[in-house]
Amino acid sequence: IVKEKNRMGECPVWEERESALVYVDINSQKVCRWSPLTNEVQSVSVDARVGSVALRQCGGYVIALGTRFAFLDWDTQAVTTILELEQDKPNNRFNDGKVDPKGRFFAGTMAEETAPGVRARRQGALYTLFPNHSVIKQLDQVDISNGLDWSLDHRTFFHIDSLAYAVHAFSYDAHTGKIACPKLLYHLEKEEQMPDGMCTDAEGKLWVACIDGGRVIRIDPETGKRIQTVRLPTPRITSCCFGGKDYSEMFVTSAYDGLDETALAKEPHAGEIFKITGLGVKGIPQNFYAA
């Protein structure tokens, strides 16, 4: 649906009030918005790699870029820093993020590669930004903090650390926002490659984007089993979300960074954004950051 290619398209969010898909291109340092009505992509450039974007209750967006949390005013393109983190880790940056059922923004960090395939291990963390702008660290020694979401009853938090090749489930206290007691939910099969972004559907099942696996997979958190696979026409599938008029469409982002010239020549759709219809299941609206 979006032919404008992203170096590292990520974190799609359906914004009902704009009838638009919001997402980031991490490596191009851009927050983007695509309108299905006009088929136009608008973007705002920021001054660092931007790992995630989420909706704000009062309009505009909360973003995680570089190692800081900030607000983005779409109309003025102004970026207002809320808080700087990890200033002792100049090679780190924020990655995926999402707002919890109580309006808090969860986002995690990772170490950038210093050479192809080379990165410092366990340098990342997972943070929660509260509506009063205070922050707590939820997890430490994470490799690549990635896809995250909550169960429909708000009692479980799901999280991906990509280099663990797994989805973990945590107990989640909606009152305090704290997570605890991690347990392995699903370990990816070899052909599924590495887990990246993730979302929940209206039946409480998880959808995981498989980077270098060219697919999204549906997992039943009750049984820990994969129950569906949807293959896509390019390998570097990064994230997914439900949207559209009744949340019956799935939007899937991809990347072309990480493919060499030979691979790019064979992958004309790398970096594009796709829409999957006919899944027979709907999604649920995104939560708003409550400030």
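A Cβ is built for glycine as well, from the same backbone N, Cα and C atoms used for every other residue.
Taken straight from TrEMBL:
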type: ACT_SITE; residues: Asp196; note: active site, proton donor/acceptor
type: BINDING; residues: Glu10, Asn146, Asp196; note: divalent metal cation binding site
type: BINDING; residues: Arg93, Asn95, Glu113; note: substrate binding site
type: DOMAIN; residues: 8-255; note: domain 'SMP-30/Gluconolactonase/LRE-like region'
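Features per TrEMBL, on structure.
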residue : record                             : Cβ within 10 Å
Glu10   : divalent metal cation binding site : 26
Arg93   : substrate binding site             : 22
Asn95   : substrate binding site             : 26
Glu113  : substrate binding site             : 12
Asn146  : divalent metal cation binding site : 31
Asp196  : active site, proton donor/acceptor : 28
Taking every residue in the domain 'SMP-30/Gluconolactonase/LRE-like region' (8-255), the average pLDDT works out to 97
Distance check, please: Cα of Asn146 (divalent metal cation binding site) against Cα of the residue listed as 'active site, proton donor/acceptor', rounded to an integer number of angstrom. 6
